[in-house]
Amino acid sequence: MKNRSLTLRLISVLCLTALFVWLGSTLVAWWQVRHDVNKVFDAQQVLFAERLANSDLSTILLESSTTLNKNSQSVLKKSYDDDALAFAIFSKTGKLLFSDGRNGKDFIFNYKTGFYNANIYDDDDKWRIFWRMAANGELVIAVGQELDYREDLIEEMILGQMWIWFASLPILIIVLGWLIHKELRPIKRLSQEVQTRKSGDVSLLNTEGLPVEILPLVKNLNQFFDRTSAMLQRERRFTSDAAHELRSPLAALRIQIEVAQLAGDDVALREQALLHLTQGIDRASQLIEQLLTLSRLDNLQALETLQLLDWEAIVQSLISERYFVAEKRKITLVFEKESEPKQKQGQSILVSLMLRNLLDNAIKYCPEDTIVSVKISSSQIIIEDNGGGVEPEDLKKLGQRFYRPAGQNEKGSGLGLSIVMRIAELHGFKVRLENVVKEGRRIGLKAIISL
């Protein structure tokens, strides 16, 4: 469909609407004027007939056996000289006794009383004639008016109104054009703002002064710009983080490769370099995997395909999965169910990943011969250990991306807890980390997930 000017379309529609409304109003006005004019003239005819019936003229005509002469007609005619009306007075036998000397003498006698539309002698035009008995039925008075006279008057009144409207039509179009242009000015300003916007500019559009009808569209655009801005920030952060964090592992891999190349016949040195190389590749792979996982989680605005979470099944599956890793490090895994947890919906895979990261951190950073317990209650999931806890300064920073407390012997990326926090946020859970204190002594660390 061809794009057209909104201003032109509005003016056209409004003018056509005004035209049709005017035509309808004109038809109604014509009908009303016609009705009122006929009513007024009918009343005028009745009144004139009453005056003739009550005048001395009736007595004169009854006492005289002949019609009045022309001089008498002229004198009586002067008392009511109106081109709109004609009259005649007949005897009850139909003899014309008196008339206005013009059209009245051509009336065709009708003994019936009341209003009738009829022709007269030597005239094809219709007349509306009022017939009335007078002088105890001895006389018949007829007062008539040509219907064309009425129609001409009605037409003159209606055309007078039409010319006024047609004369005001150009003024109406000019005023409508000015008003529409004025009201569409904020939309044009918005259009210019979008057209002149530079590539990559995701700042919010100005909503001040915009019509209410277009405000939802602009708000949706601003929401889109917000999401786009957040996505670009996440991509830039991901690129920066990946470049920063991969620099050290890649440099270490290069060193190990050089060591292996320089080992010569020293088999033990070469084997050690290759072992370190393998471990470095594993750490780099884990870092990349966690970076990609965190990036995917950051791009999620809301979860889809939710299902009811079976907390007990998820926890028991994780404990079984990590049992041998814990046993190798001489760590005991314990599962405690204090009460039935709240029924929550979510994605089991993500919830399992969240709990796995917490459980892996406890297993990885706890010393040997410690206990890691997973407790389920109605409103909380708690993963607790007795591995000595962390310093209060470090506790505040846990969960920040790439943050790892100083003095850690175990290798890691510092992204595990960030992934935990993001998954919890997507599910509406709250995660907090606390040191376990007993008798004033720090004995361990616990992660509390509030459902």
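Using N, Cα and C of the backbone, Cβ positions are placed for all residues, glycine too.
Marked as domain 'HAMP' by Swiss-Prot: 181-233. Summarising the annotation, Swiss-Prot assigns domain 'Histidine kinase' to 241-451. Marked as phosphohistidine by Swiss-Prot on the basis of sequence analysis: HIS244. If you look up Swiss-Prot, you'll see 32-162 marked as topological domain 'Periplasmic', on the strength of sequence analysis. Per Swiss-Prot, the feature transmembrane segment maps to 10-31, 163-180; the stated evidence is sequence analysis.
Long-range contacts of the transmembrane segment (10-31) within the same chain: residues 154, 158, 161-162, 165, 169, 172-173, 176-177, 180, each at least 6 residues beyond the stretch ends and with a Cβ under 8 Å from a Cβ of the stretch.
Sorting the domain 'HAMP' (181-233) by DSSP state (H, G, I as helix; E, B as strand; all else coil) yields 33 helix, 0 strand, 20 coil. Note on the domain 'HAMP' (181-233): mean pLDDT across this stretch is 80.
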